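Remarks on the structure that follows.
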There are 2 protein chains.
Amino acid sequence: MEQLIQIVDTTLRDGSHAVRHSFTEEQVSAIAAGLDRCHVPLIELSHGDGLGGSSYTYGFSKRDEFLLLKAAAEQIKNGKLTVLLLPGIGTIEDLKKAHDCGAKAVRVATHVTEADVSAQHIEAARRLGMMTVGFLMMTHMAEPEIIAEEAKKMESYGADYINLADSAGFLLPEDVAARVRAVKEAVSIPVGFHAHNNLNLAIANSLAAVEAGASYIDATLRGLGAGAGNTQIEVLAGVLKRKGIDTGLDFYGLMDLAERSVEPLMQRPQTVDNGSLMLGYAGVYSSFLLHVYDAAKKYDLDPRDIMIELGKRRMVGGQEDMILSVAYQLKQQAG
Amino acid sequence: MEQLIQIVDTTLRDGSHAVRHSFTEEQVSAIAAGLDRCHVPLIELSHGDGLGGSSYTYGFSKRDEFLLLKAAAEQIKNGKLTVLLLPGIGTIEDLKKAHDCGAKAVRVATHVTEADVSAQHIEAARRLGMMTVGFLMMTHMAEPEIIAEEAKKMESYGADYINLADSAGFLLPEDVAARVRAVKEAVSIPVGFHAHNNLNLAIANSLAAVEAGASYIDATLRGLGAGAGNTQIEVLAGVLKRKGIDTGLDFYGLMDLAERSVEPLMQRPQTVDNGSLMLGYAGVYSSFLLHVYDAAKKYDLDPRDIMIELGKRRMVGGQEDMILSVAYQLKQQAG
């Protein structure tokens, strides 16, 4: 029986950022087995930046992700082992290897306005017989109608559902609802949502998505994830249970799993510190941070003012070299 | 000029729980001075359980709270130094002493259905010329219309505004909105709200209160507070700023203050662990926890099942001796 709301666990993917990609086979086995016992339908595992992310740019994984996928696949009896794939970072060859290791679903992720980059990868995944998800990142950077157009492209390539990510943790509940509603109206496949907790709104934004019609919600044990972390799966399970919304999840089981298998390996608490608050407030990439601090020092500016300006300009990853010139302009204006 | 939304900082009161009432004069001076510089209009300081809370039952304060009040009063130039007073724990004599130490406002707190207990204390505060707040705790335990009746009593005693507390962190945003609206309609004085983050909804619940008409919102630096903590003031300042709602607060200043003066003295991160999640899910007093674990052990039950049953029965503080009999009944049902 299909549940009303399907929770997608991404502890072993987005959570990988928070442990600097240090998951071992033993940790993966315990977490994947536990999530499967708790009836999580989709269990995502890969480098935080998707298949092939292990690199100088994105941080090296301690253990080969294909070995980790095999370890997880051995434990998962009911759910679908899922991978993330960012075209340009991961390849179709990586996807085939992941499939050979037991991955049954893939989420193909692009910047919110670049869905066309996903066509070949989505088609390849379909040919492999995998459940295939179109995943739009940084959805705060585009208006709902634009996002709906991009979602329609991914649907036309063969996606089984569209996942909208608030990658910077910028959106407020009403913004999430508007985006989910616009995409729901535009496509005939289900819609999902992926929150970050930078403004401490991950649970509220996930609820707003559900109320607007989303049927897949991403979450992680203890909220493990980049920045301030993701929607905390055991809290979400409890809140949805209280609201009478069925997820099929084992609420107590998720709590126990979080305590026993995730807490001991956390390298920092998933709280909202000043860095993650500013990323969420301004809506900028976490990879900008070091460049921003350098530019602030050079021009004697508050790094927060630079971040807000970058957010206003909707600067995206790859434009790091422009941060210095933005800081220079800010300094001229101030002077 | 009156701000649209007045933020009440309670780092030095509710936050006192999270540091086991260990604040020193030096810490209090730095935090109070910083909050005042950031234009916080009300700065609450006392034992976590209010004036006179330092005791075997509620935990002893490291430093006498009247000395702490004097230290804070010396630093506060613009805001109002505020104390919490729970009739039965603190006395009118304590209030007079606090007033002598520089307190200019008091929040007189009772269980949500026991507003009549506050009459004498509110009247005494008015005679001292203090700003006086009627504070209803555990508002998840009563329906909105009942709460409205209790609020009207506090208004009739002379309260300047009514503060509604979600003491167990149980409420969902729609529950908060319903309570604020009901009280707004019943009284002609402003309404405030005090959140706990046990379901990771403190910011969302505070926003729901504002949207329903609340004009005072409680918050603390880094969310320092009992259980999963309170609404994080620097996050709230940012989110309200983004929504175009004026608080008059210095957003950057609060971030800096949190990092410099509160982070170093935190004894644990303010995250949602299993204990605080269950308190929020079930809606029970944190003081029940030890009794619940004892009863669970005695009857070989999951403590979480006992907590849910206590929540259903709306058990309140002082009824700890009944926890064993509830556990016994649960065991009989199970067997």
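Each residue, glycine too, has its Cβ placed from N, Cα and C.
Spatially close to A:H17 (active site, proton acceptor) yet at least six residues away along the chain are A:G48, A:G225, A:A226, judged by Cβ distances under 8 angstroms. Positions annotated as active site, proton acceptor by TrEMBL: A:H17.
Secondary structure at A:Y285 (substrate binding site), taken from DSSP and collapsed to helix, strand or coil, is coil. According to TrEMBL, the feature substrate binding site maps to A:R13, A:D14, A:S167, A:H194, A:Y285.
Other Cβ atoms within 10 Å of the Cβ of A:H194 (substrate binding site) number 29 in total over all chains. DSSP assigns A:H194 (substrate binding site) to a strand in the three-state reduction. Positions annotated as Mn(2+) binding site by TrEMBL: A:D14, A:H194, A:H196.
According to TrEMBL, the feature domain 'Pyruvate carboxyltransferase' maps to A:5-255.
In the three-state DSSP reading, A:R13 (substrate binding site) counts as coil. What TrEMBL lists as site 'Transition state stabilizer' is A:R13.
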Neighbourhood of A:D14 (substrate binding site), C-beta criterion under 8 angstroms, separation at least six: A:E44, A:G48, A:H194, A:D218, A:T220, A:L224, A:G225, A:A226, A:N230
Shortest C-alpha distance to A:H196 (Mn(2+) binding site) - which of the binding-site residues A:R13, A:S167, A:Y285: A:S167
Segment confidence, the domain 'Pyruvate carboxyltransferase' (A:5-255), expressed as mean pLDDT: 97
Neighbourhood of A:S167 (substrate binding site), C-beta criterion under 8 angstroms, separation at least six: A:M137, A:M138, A:T139, A:H140, A:H194, A:H196
Packing count at A:Y285 (substrate binding site) (other Cβ atoms within 10 Å of its Cβ): 19
Those residues of the chain, 6+ apart, with a Cβ under 8 Å from that of A:R13 (substrate binding site): A:E44, A:L45, A:S46, A:H47, A:G48, A:G50, A:T82, A:V83, A:L84
